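Below: the structure, in structure tokens.
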Amino acid sequence: MVSQAAKILDGKALAQKIQLSLKEEIQTLQPKIGRPPGLAVLMVGDNPASAVYVRNKEKSCTKVGMASFGRHFPGETSQSELEQVIEELNQDSRVDGILIQLPLPDHLDGIALLHQINPEKDADGLHPTNLGRLVRGEPGLRSCTPAGVMALLEEYNLEVKGKHAVVIGRSILVGKPMGLMLLEENATVTIAHSLTQNLTELTRSADILVAAAGKANLITPEMVKPGAVVIDVGINRIEDESGKARLVGDVDYEGVAEVAQYITPVPGGIGPMTVAMLLSNTVYSYRQKEAGVERQKAGGN
């Protein structure tokens, strides 16, 4: 049993709440649009972890009343074949969101494939157009994991404005958009990475600490400011003494929970929120279809 002072930020509970809200919205919109929202998930190869993630996404789609179009391709599928499939999905009126499940085999250019996706169907929120909208503070599809972090902070009424937020990791998937979203909410943001010299000094000054480095138990109790909010984005598979695999984050959970005021667990913290934001992005695109239907009706009167 963990002896902890920190309150748990329950991503699983909030994700369920968001999914219920999306389900109700879909039930309202579907009669007007004439179909359910649709999410296409492309997976290449036979990565077992990816297969689990894809199944979880498909189950979540079913739960909220969304159609899922899973496309599984052999590991040797070519770049041009996938680009052709993406173009077909861009044109498919049943599809509101397109997701490429990562990682991809080494011979594929994931960035080029991402660029191929219609920005209005970019369920992951990673297309340059959507990242540009984020930089400009304009509405649009947001990167799922950072958006999940922001939703969790909001749910627990945790103040971001004026706080010092330190993000560890600078990936396009999490670190960079995370920094931008915190900045948008008027935090003072520092992004640390593998070449940062004074990591402990920075993390100890953080009111909000987001760990997204992909390194198991990187953040130890002495690196955390007492009373901080600690968000653990890391998902690392390690083996215990018996050789059994288990998932841990980037944060030494048991130790840091005695120092922080709020903390996310792994699993059950940011993982479920990422999926909830993926569904939310797809419904965001679907919602635009209703606006199009209403405009058509107005034009026909």
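Positions of Cβ are set from backbone N, Cα and C atoms, glycine also.
Per Swiss-Prot, NADP(+) binding site is recorded for Gly169, Arg170, Ser171, Ser194, Ile235.
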Please work out which residue of Ser171, Ser194 has the most C-beta neighbours within 10 angstroms of its C-beta, and give that one of the binding-site residues.
Ser171
Are there any residues at least 6 positions away along the chain from Ile235 (NADP(+) binding site) with a Cβ closer than 8 Å to its Cβ? List them or say none.
Leu247, Gly249, Val266, Pro267, Gly271
Record lists Gly169, Arg170, Ser171, Ser194, Ile235 as binding NADP(+); longest Cα-Cα distance in Å?
17
Considering the binding-site residues Gly169, Arg170, which residue's Cβ sits among the greatest number of other Cβ atoms within 10 Å?
Gly169
Ser194 (NADP(+) binding site) - helix vs strand vs coil (DSSP):
coil
